[in-house]
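The structure under discussion appears below in the form of structure tokens.
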Amino acid sequence: NYLKIWNLRVVLMSGGPGSGKGTQCEKIVAKYGYTHLSSGDLLRAEVASGSERGKQLQAIMQKGELVPLDTVLDMIKDTMIAKADVSKGYLIDGYPREVKQGEEFEKKIGAPALLLYVDAKAETMVQRLMKRGETSGRADDNEETIKKRLDLYYKATEPVIAYYEKRGIVRKINSELPVDEVFAIVVKAIDELK
Ligand SMILES: Nc1ncnc2c1ncn2[C@H]1C[C@H](O)[C@@H](COP(=O)(O)OP(=O)(O)O)O1
Ligand SMILES: [Mg+2]
């Protein structure tokens, strides 16, 4: 069980807040049966549990900052191990958020096969998040936190994409397009894997 996680394909989903990662992940899971791991969802579940660690996490997330590296990676790895027997692959959404997280991921888990980079303009992402905020109940879907998340994304996460570009595994996908058209490009990229 422990060993199996190293034999399963890992696909990373990257892109700014509101670019459409979650939306595309849901469709990928339905088509390919991958196990979806959203670092944000794992963290929010910890917050919802009301644990002491959850309380510390909530304070960090409300400020739009990044949670300590080891916390997120441990949560991802634990979930990967737990799901190894039923998994056809892993789809990791919203991680790594910074180059250091990518390096740690390689050390503790392994090399991803593909990075899907869903790319939308800043205005588009803000518009989508403001709209999502009307119903999502997410504490970070408000104008002030959105701006911080976008700034942090451009500063910390774009270098991650450059890091994986050097390994030739990045596929950039125009997520300004309607959801199904974005997904058609995603499918092509996944189907091209060996
Ligand atoms: N291609 C697309 N066109 C229009 N709206 C989209 C879209 N992809 C996602 N959305 C909507 C759904 C959500 O309300 C909002 C943010 O999408 P999301 O999947 O939650 O983004 P992320 O997980 O990257 O933060 O935008
Ligand atoms: Mg998401």
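Here, residue 1 is simply the first one shown, and the rest follow in order.
Placement of Cβ uses the backbone N, Cα and C atoms for every residue, glycine included.
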Listed in TrEMBL for the ATP site shared with G18, S19, G20, K21, G22, T23, L177, one of R132, R138: R132
Record-annotated AMP site (TrEMBL): member among R149, R167 besides S39, R44, E65, L66, V67, G94, Y95, P96, R97, Q101, R138: R149
Candidate nearest R138 (AMP binding site) in space, where candidates are the binding-site residues S19, G20, G22, R132 and distance is Cα-Cα: R132
Least buried by Cβ count (within 10 Å) of the binding-site residues V67, L177: L177
Rounded inter-Cα distance in Å - L177 (ATP binding site), E65 (AMP binding site): 29
In the chain carrying R97 (AMP binding site), residues 6 or more apart in sequence that have Cβ under 8 angstroms from it: S39, L66, A156, T157, V160
Subset of binding-site residues (S19, K21, G22, T23, R132) lying within 10 A of Y95 (AMP binding site), CA to CA, in sequence order: none
